[in-house]
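A.B. asks: Annotated active site, proton donor per TrEMBL: His508, in sequence order. According to TrEMBL, the active site, proton acceptor annotation covers His552. Residues or ranges marked as domain 'Glucose-methanol-choline oxidoreductase N-terminal' in TrEMBL: 296-310. As annotated by TrEMBL, signal peptide applies to 1-20.
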Amino acid sequence: MKSFAILLSFLLLSVQLANAAVYQNLAALPSNEQYDVIIVGGGTAGPVIASRLTENPRTTVLLIEAGPDDDGAVDLQIPANYPAGIERKHYWNYTTTPQSGLNGRAITYDRGHVLGGCSSIITDQDWDRRNGVTGDNGWRWNSLFPLIKRHERWSGAVGGRNVTGQYDPAVHGYEGYSKVALPWSGPNAFDNLCLEQAKTRSEFPYNRDPNSGKPLGLTWAQSTFGGGERNSASKGYLPASVRSRANLNILVNSHVTRVLSTGKASNKDFRTVEIGTTDGARKTVTAKTEVVLSAGSIGTPQILLLSGIGNKAELKALGIDAVHELNDVGKNLSDHIATVAFGTTTVPDAPPVDRAAALLQWNQNRTGPLTEAVGHQILWTRLPKDSEAIRTYGDPSAGSNAPHIEIALMNGLPGQLYGGAAVLLTPQSRGSVTLASSDPFTAPLINLNFLTHPFDFAALKEGVRAMKRFYASPVFSSYIATPIGPDPDAGDAAFEDFTRNVGITTLHAVGTAAMSAKGAKGGVVDPDLKVKGLKGLSIADASVIPYVPTGHSMAPVYILAERASDLIRSRC
């Protein structure tokens, strides 16, 4: 009898889960399906969580993405296609508000509008800082390092060249979903000059692998281009073997407009999502256990605010009833700003890449110039202790291992240019995401507030000075024709005007639904990623990271999503 009961339970479960599918629009989604967990947003974090949760065949998941499916989208697979080679339908096409710190410029703010989203380095002290903010030891570096390895599938170099000495095998994972690789080509003549400089100047030592959690120095760039393709979260975590799981349904081209209270509003139980279309159609789906917002640093606060979760006065001004007051929703946005500096070399320009030949090579074996989207090497450095920025405004970094500046070294640019981009990793300016209206299909107001804190401009000056010092080595004497500029030491006015006119975002926004300690007055989520004061609603994406990482934000989001998966799994 007991065996029969087990068999019957298995058959019922099989029938319940038999309809796994990718639904292309809201009308196609069956009305009779039930899910344990509903994940809103298929960018970087959402696919990770969906994939991990459905490893348990008894946990049913619905993953909802506003954009199209990325399956078969070749424009997304070619690393060198970003930004101009990617179809505009795969972007949200956001623009910021006019930025007072950028001489009134409004700038494009690309966010992925596709399954896989915009899906790499972070220091150990960054994670330990999060532990300090949240009071949760689970966010410490030592606790998370196994998850860092769990998510990664180290792939060596694109094309299989010898990379001995260019990475540390001990700090990588080899069985995860996310393929990470070194560049297809190199070291070239410029790379070798940079490596030689690192041997002669202690300020910029060679660092074999920034994935150790201590990135300072000259490192090789590591990218999610394993196998010569852009390895997005969807491609990595939602391959055919995962998509075919009977307990996973994926809904694309569908816009979540709000999260709603399930049952009485006084219960504060928000397990229902409202999905809408521009023609006014609405449909609700309720999770048995939990709704997870993974719509990113722009989308997540927008959904919360549209749902009446935020600052009561600001919501009232837009005619939205406040159902739960959390004043920090959409606040505390921080992002990396970058400026550039270039000089000329004695080396003639190389012939331009033959796009047709390169595409043929990529199609044949996934190698060649189209597999590279960035330079080969990166310089991670700290500001001098006696610099104006540190003396006047203090040190905002997480500790002595954390860089203030990233310098993406560049050469071979048209016009015999060399130089780089100086990226400020520890900005003090804070921006916001607010609603333009109560219409969920109206883009929110994105105010990065770049260069409104005086530390940030002073730190960027030091970043370009560091680039000057790097290239001042005798190693480059026969390579350099003219020094990089604009020179921050040749006149403040010209450098400031240039920086405010060309300063750009690196699209690493975080903090708009920030984590804080349980019981803290500020913040939006507790350390377990549950929204403060609510049941059944959690957030797992870059919006919960309270300080912008001193490195690229994608890897931290992957690791956050891996831990979120474990936390949510324990609640299912």
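The backbone N, Cα and C atoms fix where each Cβ goes, glycine too.
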A.B. asks: Taking the Cα atoms as reference points, how far is His552 (active site, proton acceptor) from the residue listed as 'active site, proton donor' in Å?
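C.D. replies: Cα-Cα, rounded: 7 Å.
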A.B. asks: Applying a 10 Å Cβ distance cut-off over all chains shown, what neighbour count does His552 (active site, proton acceptor) have?
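C.D. replies: That number is 21.
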A.B. asks: By Cβ distance under 8 Å, which residues at least 6 away from the ends of the domain 'Glucose-methanol-choline oxidoreductase N-terminal' (296-310) in the same chain are close to it?
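C.D. replies: Residues packing against the domain 'Glucose-methanol-choline oxidoreductase N-terminal' (296-310) from afar: 40-41, 43-44, 66, 92, 94, 109, 111, 117-118, 256-260, 270, 320-327, 329-330, 333, 433-435, 438, 440, 444, 446, 509-513, 524, 531, 534, 539, 541-543.
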A.B. asks: Is it possible to list how many residues within the domain 'Glucose-methanol-choline oxidoreductase N-terminal' (296-310) are helical, extended or coil according to DSSP?
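C.D. replies: Secondary-structure composition of the domain 'Glucose-methanol-choline oxidoreductase N-terminal' (296-310): 11 helix, 2 strand, 2 coil.
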A.B. asks: Which ones in the same chain are close to His508 (active site, proton donor), with CB under 8 Å and 6+ residues apart in sequence?
C.D. replies: Asp335, His336, Ala542, Val548, Pro549, His552, Ser553
